[in-house]
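Peer 1: One structure, as structure tokens, below. Some questions next.
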């Protein structure tokens, strides 16, 4: 068998594997859902730009970018507040659990102290 014939066969196999891989990844990428930054992140509202005619040169620019920026800041603060709230909730639950343990220990200690007294 010739060296060239062997190389062509190997090259054909490599090309076949590459084509299958390319098609598989292309299909996966095509069928994948879009990526979201945060699962509950709201979509920006669709606001039509205002087209009122005034003498103010800054009024000619649409207000949509300002509104979108304000909404983005508001939403990012909400996400941050949600994360902080979840962390505080975890600490609160841990504190409540610790309080219950302390109350149980205190009750046992109080019972032991009261039982040490001689009945009158």
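Quick reminder: no glycine exception, Cβ is built from N, Cα and C everywhere.
Just so you know, TrEMBL annotations are computer predictions that nobody has curated.
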Peer 1: With TrEMBL as the source, identify the stretch among 1-28, 85-112 annotated coiled coil.
Peer 2: 85-112
Peer 1: In TrEMBL, which of 39-59, 60-80 is labelled region 'Disordered'?
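Peer 2: It is 39-59 that TrEMBL annotates as region 'Disordered'.
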